[in-house]
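The next block holds one structure in the form of structure tokens; read it before the comments.
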Amino acid sequence: MTGGTLNFITFNQDYSCLAVGTSKGFRFYHTDPFSKIFSSDEGNVSIIEMLFSTSLVALILTPRQLEIQNTKRASVICELTFPSAVLAVRLNRKRLAVVLECQIYLYDVSNMNLVQTIDTSPNPNAICALSPSSDSCYLVYPRPNPREDVGAKAPAHLPPPSQYVPPKRGDVLVYDALNLKTVNVVEAHKSPLCAIALNHDGSMLATASETGTIIRVFSLPQGQKLFQFRRGTVPTSIYSMSFNLSSTLLCVSSTSDTVHIFRLLNTQKNANALPGGGPAQGTRSRSFDVNDPSPHKGEVPSAGNGNNGSGSHKREPSGSFGNMLRRSSQMMVRGVAGVASSYLPQSVAEMWEPERDFAFIKIPKSSNNRAGGLSATPLRSVVAMSSSSPQVMVVTSDGGFYVYNIDMEKGGEGYLVKQFSVLDGDDKLTNSDYGA
């Protein structure tokens, strides 16, 4: 497969693979080391979803039709047609969730039988997450907002109106996808949601609202707030949120060219709220649609040209004067906030207390500018953390794949160590255990 327009990029559930959908087929890559492991020339793929590193893949080739393929056998397992366009697909070993604008269809993966149809508020940005865990198999999405004029009759020539209207608040409904029941509603934000993510075992939920300034993390299924972070003060749209495999870090990308990494410390304040048992394992939001119509509240320069090889864009290292000054100012603000918040009610104190990022990275600017030297559209990005090293992986809507090192002791700015392109013309495949 060569060329084609990039439509969609997503990590698999444990970030070991990357799936790329284009106008001329799709590809799978290993993320570490970066290498292509599968390629197909079939169709115009607008959405793609892998099932871990198995040969099972879900594809959207036309807006209303989903196709489940076994890539190892080159066979189609089933085809499903829906009443409106498919906006997102979520998959684990037991459940398949297909997200439409006003409905979610839930299937049993073992036989592909429909087990539940869930009506939702209008959800054009497909805000939804499914835990990769087969045990705590939670599906989370914006809480439906019922219509107030339920008794009003629509004109006979019009279709009946939806029973729900767009949400006015950022409440998250937690649904048990195995037992098919609602288990909780998390009141996460006062304004509507922009992004949500679950960790691997379904014990943590990360949320961001449309303003994009505050990130919150809750326990599941209890819904108790564990952490609250400030991403920044300028409103922005959150593109991607991702837990690392030990659920000790949370990565967030947005319309800003900065990726923030927040540390999930088990402080005394949060000790009683943390889920019981061992450390959780991580997942996402881990994909983006290049043609996503969601509004952008800021403009982001495009990322690098994505040539294969190691990056040379070492920015300010963690021990630099700039980072020392940045950390010193944050410590001063936290000190003042700590004193002030001790005299304030909890609801007011929370405005002072949100932690800032532990580390951050800057996405490189692209040399592939449009006419006039400016990008035609803001660059979208999705982030994940390596399971084998302290590295952050960033993939961008211009096909760039970037790997950054993070200092796990000092934090600060990470530096670029590798960069590749998922749109190059090299069709050589590497040997791997993909699909085994």
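Yeah, the Cβs are placed from backbone N, Cα and C, and that goes for glycine too.
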- When Swiss-Prot marks a stretch as motif 'L/FRRG motif', which of 29-33, 189-193, 229-233 is it? 229-233
- Item | Distant-in-sequence neighbours of the motif 'L/FRRG motif' (229-233), which means Cβ under 8 A and at least six residues beyond its ends | 208, 212-217, 250, 252, 254, 256, 260, 262, 354-357
- Averaging pLDDT over all residues of the motif 'L/FRRG motif' (229-233) gives 91
